[in-house]
Amino acid sequence: MHFVPTMGGLHHGHASLISAASCHKSGDVETLVSVFVNPLQFGPNEDFARYPRTFEADCELAELSGASAIWCPDESQIYPGGSAESWRIQAPKSLQSRLCGSTRPGHFDGVVTVVCRLLALAKPHQLFLGEKDWQQLTILRRMVLDLGLAVRVRGVPTVRDGDGLASSSRNRYLNAQQRQQGVLFAQVLSDARSACLHGGTALKPGEVKRRLEEVGLSVEYVDVVDPWFLQPSKSNQSSLTLLAAAVRCGSTRLIDHAFLMTRSPLVAIDGPAGAGKSTVTRAFAERLGLVYLDTGAMYRAVTWLVLEQGGDPGDSEAVDLVLNDLKVELEPLQQGVQVVRVNGHEVTDAIRDPRVTASVSAVASHACVRAAMTAQQQRMGKAGGLVAEGRDIGTAVFPDAELKVFLTATPKERARRRALDLEARGHEVPALPELEAQIVERDRLDSTREVAPLLQADDAIELISDGMSIDQVIDALEDLFRRRVGEEVWPTPV
């Protein structure tokens, strides 16, 4: 079951959520929409009593959007002992010390408490939430992760009305003049995003606040934070950050945000040989519409050419001579396969030969090779929109990548996979213990070489793939990506 929790007052934004949940259905999966105005989310003097309650209209919109059923529990079903006496979950302080959490104490504790209760009752497989309230989405993602709940969280892009104002149940409170102010609110944030993307310079929060006040808005906060940690970003300005703000138009509180970036997102996937990086990275790139940069293939291409010309992989001077005339080309993925060419010759299968595999570590250890390949890879990734896999992508090639993953598996598992790959390619398959010993030795060489050793970046997330299918690994990578990069920043291809 796919689940869309709401507080009612459904609008175009909710319709988009329900439609997304319905479009992801397969087989006998159903889409459930809940309507429950949660008292724990409202503070003193907030609008709990007058919050829109339009159940009949909600049912109609939900059905038209693809919902299988609508669930409208009463308070006693959600909080059997009453909301005042119910068990409560506390969201981490670091996730609610800024943005809306800084001015609405207890609000997100109420959100995580009710959603945890709804999930326990409904038991869905996937939970669909809007990216409009990014802080809420992030906190709920952390709740699911930290509590080990068996549900996958999916974010859906912010929906805007024709005039640019983000869809909200509270928009109906606005008169014509206030609505125009709300439109200007959205425009100021959009202008800040454009200035960063095209000019490379982000407006300071103080400047954004000044512009909002100039159009008559009462500003509650303007802040720039890391999209996952919801604290000021420590990365350089190439990385993605979240510009978020809350204002009041009359008595109506509005929130909105924009993602600031100077390029499209980058993903760096590192890990030891045989961890399945190439297989899953190719499929991940296709699913997300990212360009696939197979850096391992580039090093294999150099190694192949060295061997083809009779050179010694351990002789740096001989290898350097090969680099003078080297031209490596990686063609776009076609049905999961990336064609590799060296100086015009197609070598896609040749670079996977065991001779190349045995020598690639020695060739890649030369400083001249690393420098040449790193420079070429960085040129290819300058505009972003790319995923690369290798040994030092997150530490040397793209240290400012939005997502860094260290994908690994035990030597025994990697030996098993290597045997299957060799068999599929028609090569002779050594005994598994021999393959495992080769992998352990390769790890040692890669981790101890002087130039660009195999290392896990400090901010990389380790993903151990033993016992996981390829699809499960790709799902895990997609979820990690979406923690930081929303659908409204990089939409999943249809």
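Every residue gets a Cβ built from N, Cα and C, even glycine.
If you check Swiss-Prot, you get these features:
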type: ACT_SITE; residues: HIS14; note: active site, proton donor
type: BINDING; residues: 7-14, 130-133, VAL159, 167-170; note: ATP binding site
type: BINDING; residues: GLN41, GLN136; note: (R)-pantoate binding site
type: BINDING; residues: GLN41; note: beta-alanine binding site
type: REGION; residues: 1-258; note: region 'Pantoate--beta-alanine ligase'
type: REGION; residues: 259-494; note: region 'Cytidylate kinase'
Restricting to the region 'Cytidylate kinase' (259-494), report the mean pLDDT as a whole number. 92
Once the chains shown are all counted, how many other Cβ atoms turn up within 10 Å of the Cβ of MET7 (ATP binding site)? 19
Among all chains shown, work out which of the binding-site residues GLN41, GLN136, SER169 has the most CB atoms within 10 A of its CB. GLN136
Take the C-alpha atoms of GLN41 ((R)-pantoate binding site) and GLU131 (ATP binding site) and report the distance between them in angstrom, rounded. 18
Whole-number Å value for how far VAL159 (ATP binding site) lies from the residue listed as 'active site, proton donor' (Cα to Cα): 9
For GLY13 (ATP binding site), the number of other Cβ atoms found within 10 Å of its own Cβ: 23
In sequence order, what residues of the same chain, 6+ apart, have a Cβ less than 8 Å from the Cβ of VAL159 (ATP binding site)? HIS12, GLY13, ALA15, SER16, GLY130, LYS132, ALA166, SER167
Once the chains shown are all counted, how many other Cβ atoms turn up within 10 Å of the Cβ of LEU10 (ATP binding site)? 28
Coarse DSSP state, helix versus strand versus coil, of MET7 (ATP binding site): coil
